Amino acid sequence: MKYSKQNFMMSVLGIIIYITDLIVDIWVSVRFFHEGQYVFSVLALSFMLFGTLVVQCFSYSWFKADLKKGGQESQHCFLLLHCLQGGIFTRYWFALKRGYHAAFKYDSNTSNFMEEQIDLHKEVIDRVTDLSMLRLFETYLEGCPQLILQLYVLLQHGQANFSQYAAIMVSCCAISWSTVDYQVALRKSLPDKKLLNGLCPKVTYLFYKLFTLLSWMLSVVHLLFLNVKIALFLLLFLWLLGIIWAFKKNTQFCTSVGMEFLYRIVVGFILIFTFFNIKGQNTKCPMSCYYIVRVLGTLGILIVLWVCPLSIFNPGYFIPISITIVLTLLLGILFLTVYYGTFHPNRREETRRDEIDGKPILRECRIRYFLME
């Protein structure tokens with residue numbers, strides 16, 4: 001494993017997107033407040049606080065676990081930083097500081113430096129991987145609800161200001177970036193997994209996630225126009241099903257019972273929007289069932305909305321958005337099929353083992369028990 005200069009630049013781009021997303025979310029919330037849309041302002045802030053509080057909890061628990069594993073005592077300064085919502089920035093500081101050292105300073109290939117190089121690169125990769133997991137949490141806990149809110153406001157009023165367009169674009173970029181970055185980090189941190197090499201697999205995976213996600217979000221927004229209570233009931237029902245699925249699979253991601261319970265709640269929330277392999281097992285059948293239900297649910301929402309009077313919608317938006325929902329869903333399923341049928345790293349897995357008999361040694365790390373693909 002090696003942390004390259006390209007990986008360092010990707011980490012820098014990651015924190016830029018993170019900060020931009022944070023600033024735009026605050027900007028939109030303040031804009032809603034000044035326009036007298038207090039409910040939307042509170043919702044935007046609530047989504048942001050919910051996501052960041054959960055992320056800080058996991059970040060601090062991982063800091064404690066890592067310090068305990070290294071034989072060190074928990075430091076109160078880390079607790080203070082996380083209480084002040086600075087956990088992610090602290091992690092980025094450590095990752096970029098050590099990452100710069102690994103990518104630009106350690107160029108010697110002499111035997112005296114090889115072991116130290118390996119340890120440094122492994123440390124940086126583990127730090128970056130933790131960040132990618134936390135960003136994935138935040139993306140689906142805060143970014144997806146935020147995007148639904150922005151789309152709802154946009155379609156409700158038929159017009160939007162620059163801040164709302166900016167929020168939609170930045171949210172899409174943040175979701176896309178964190179999803180692909182997580183997939184790359186997952187495979188880079190686990191030596192027994194094939195890397196996601198090349199541009200085509202990454203782009204195909206990105207489009208599969210983005211199109212299926214966008215189609216479902218637009219469907220939920222349409223359902224919110226029809227009846228807010230029905231839409232919220234559907235989302236809560238799907239959340240409950242996701243939590244039950246996580247408990248049924250008996251996930252073992254966290255060391256403490258309380259954090260594991262929180263993790264399963266978060267997993268259930270993520271499953272509202274997209275599918276992840278929550279136990280690292282063969283999920284061909286569950287994934288197929290998930291997207292069959294997604295297709296049926298989307299078509300059901302569209303049928304109900306077409307039966308209802310169009311007076312509750314802006315006709316100039318309803319028909320184009322309905323067509324967009326169908327097209328993005330079809331494209332998402334198409335890219336899903338292409339990715340898993342052609343580009344998934346396991347499809348190119350070599351069956352022979354010339355140098356090592358049996359299974360490769362599995363490196364113990366946190367992400368092994370996290371969401372897989």
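Here the Cβ of each residue, glycine as well, is placed from N, Cα and C on the backbone.
Fair warning: this is a prediction, and the values are worked out from it, not measured in the lab.
Sequence annotations record features per position, and here TrEMBL assigns transmembrane segment to 12-32 (among others). Cβ atoms under 8 Å from those of the transmembrane segment (12-32) belong to residues 38, 40-41, 44-45, 47-48, 88, 92, 96, 131, 135, 142-143, 146, 150, 161, 163-164, 166-167, 170-171, 173-174, 177, 181 of the same chain, restricted to positions at least 6 beyond its ends.
According to TrEMBL, the feature transmembrane segment maps to 38-63 (among others). For the transmembrane segment (38-63), the residues of the chain that approach it from at least six positions outside its boundaries are 22, 25-26, 28-30, 32, 74, 78-79, 82-83, 85, 87-88, 91, 130, 133-134, 137-138, 141-143, 145-146, 149, 153, 254, 256, 259, 262-263, 266, 366, judged by C-beta separation under 8 angstroms.
What TrEMBL records for 230-247 (among others) is transmembrane segment.
Summarising the annotation, TrEMBL assigns transmembrane segment to 261-278 (among others). Note on the transmembrane segment (261-278): residues 54, 57-58, 137, 140-141, 144, 209, 212-213, 216-217, 235, 238-247, 249, 251, 253-254, 286-287, 290-291, 371-373 of its chain, located 6 or more positions outside it, place their CB under 8 angstroms from a CB of the stretch.
Residues or ranges marked as transmembrane segment by TrEMBL: 290-312 (among others).
Annotated transmembrane segment per TrEMBL: 318-343 (among others), in sequence order.
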